[in-house]
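Notes for the one structure printed next.
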Amino acid sequence: MTNIRKTHPLTKIINNSFIDLPAPSNISAWWNFGSLLGICLILQILTGLFLAMHYTSDTTTAFSSVAHICRDVNYGWIIRYMHANGASMFFICLFLHVGRGLYYGSYMFSETWNIGIVLLFTVMATAFMGYVLPWGQMSFWGATVITNLLSAIPYIGTNLVEWIWGGFSVDKATLTRFFAFHFILPFIISALAMIHLLFLHETGSNNPSGIPSNSDKIPFHPYYTIKDILGALSLVLALTTLVLFSPDLLGDPDNYIPANPLSTPPHIKPEWYFLFAYAILRSIPNKLGGVLALILSILILAIIPLLHTSKQRSMMFRPLSQCLFWLLVADLLTLTWIGGQPVEHPFVVIGQLASILYFMILLVLMPITSIIENNLLKW
């Protein structure tokens, strides 16, 4: 008798995705981040659901409803901080996941990669709208500044911004619709993640060497289920440590001041995970140019497969490309730091240089270096 796991229509899907899935025998801990992102998403949906039970999306009561969650709801404080810091963990995992894809050439699976880019944009949109909901100073002014960027679009810009706001400024209508979108988007992300997995399982996983591993596959369970549990425990440990010891470490103190349209905070800045893109936006003096650079800073990932000039897939055996990759990482950390600094003399120039270097590495230096490496190997 065949195992029900392999025959039942529902369990068959789970079996082929998580149990009997043939996986390369040499994938490292860098391949853990997919499952960690799944855990983050589930955690965010659950904590978000419980927060939504007590939150009110009205400008007069939003701020006090968040205070009520933290003060009066049973364990409300831990749910709120798990959700806020869970977003940070989500983005840490996302950046590492994308970095892994760049390093090991996983972008050669074009459908999986492109859906991943759509997922990245969707998660960023969700996080931005979530940051507006507590209706603190940084929520209000962050929403005002970022939505205002759309006014740079020629001809329709101003109408588009007012349409998104639902009025002539960020107000009650904006908060209500942002809450609605923030609630629905994680479910859309879940659906996209399933499609992401569907396309991945069409090709099978890449591996650190970048060499096809069809001749050497092992079942996903128990090998990688155990490995993923280790990653999950590490993630939960990091998150609970952050939540219980320094829950406001990654937040902005200005968001503990209720939103006031009449007083602008001295430094308007987004959450830390958007700072690199914010720095690129600010480094261009022209408004439309800045908005385009902001979008392209993420959208550039879509043309990475077209710029792959190396005869090898992975960077494992390409030391020159490795140097460039880590230079890119350092550059992104520099941009993140600059995004949190005021617009003053040394920071402006550093931000402009780091922005130029970011696009230079991805568009020019990496393809040229790959060609040089091919020639060095006489390929």
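Heads up, the Cβ atoms here are built off N, Cα and C, so glycines get one too.
If you check Swiss-Prot, you get these features:
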type	residues	note
BINDING	His83, His182	heme b b562 binding site
BINDING	His97, His196	heme b b566 binding site
BINDING	His201	ubiquinone binding site
TRANSMEM	33-53	transmembrane segment
TRANSMEM	77-98	transmembrane segment
TRANSMEM	113-133	transmembrane segment
TRANSMEM	178-198	transmembrane segment
TRANSMEM	226-246	transmembrane segment
TRANSMEM	288-308	transmembrane segment
TRANSMEM	320-340	transmembrane segment
TRANSMEM	347-367	transmembrane segment
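This view paints the features noted in Swiss-Prot onto the structure.
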{"residue": "His83", "record": "heme b b562 binding site", "Cβ contacts under 8 Å, 6 or more apart": "Gln44, Thr47, Gly48, Leu51"}
{"residue": "His97", "record": "heme b b566 binding site", "Cβ contacts under 8 Å, 6 or more apart": "Phe33, Gly34, Leu37, Gly116"}
{"residue": "His182", "record": "heme b b562 binding site", "Cβ contacts under 8 Å, 6 or more apart": "Gly48, Thr126, Met129, Gly130, Leu133"}
{"residue": "His196", "record": "heme b b566 binding site", "Cβ contacts under 8 Å, 6 or more apart": "Thr112, Ile115, Gly116, Leu119"}
{"residue": "His201", "record": "ubiquinone binding site", "Cβ contacts under 8 Å, 6 or more apart": "Asn16, Ser17, Leu21"}
Inset, instruction - Verify whether three or more Cβ pairs under 8 angstroms connect the transmembrane segment (33-53) with the transmembrane segment (288-308), leaving out any pair fewer than 6 apart in sequence. - result: no
Legend entry - Leading stretch by Cβ pairs under 8 Å, where the reference is the transmembrane segment (226-246) and the options are 77-98, 113-133, 320-340, 347-367: 77-98
Legend entry - Residue numbers, six or more beyond the limits of the transmembrane segment (320-340), whose CB comes under 8 Å of its CB atoms: 99, 102-103, 269-270, 272, 274-280, 282, 310, 347, 350-351, 354-355, 357-358, 361-362, 365-366, 369-370, 372-373
Inset, instruction - Go through the chain and flag residues at least 6 beyond the ends of the transmembrane segment (113-133) whose CB is under 8 A from any CB in it; none is fine as an answer. - result: 55, 57, 62, 66, 87, 90-91, 94, 97-98, 101, 106-107, 139-140, 142-143, 146, 174-175, 178-179, 181-182, 185-186, 188-189, 192-193, 195-196, 199, 270-271, 273-274, 298-299, 301-302, 304-305
Inset, instruction - Using a Cβ cut-off of under 8 Å, list the residues of the same chain at least 6 residues beyond the transmembrane segment (347-367) that approach it. - result: 279-280, 282-284, 293, 296-297, 300, 304, 307-309, 321, 324, 327-328, 331-332, 334-335, 338-339, 341
Legend entry - Collapsed DSSP category at the residue listed as 'ubiquinone binding site': helix
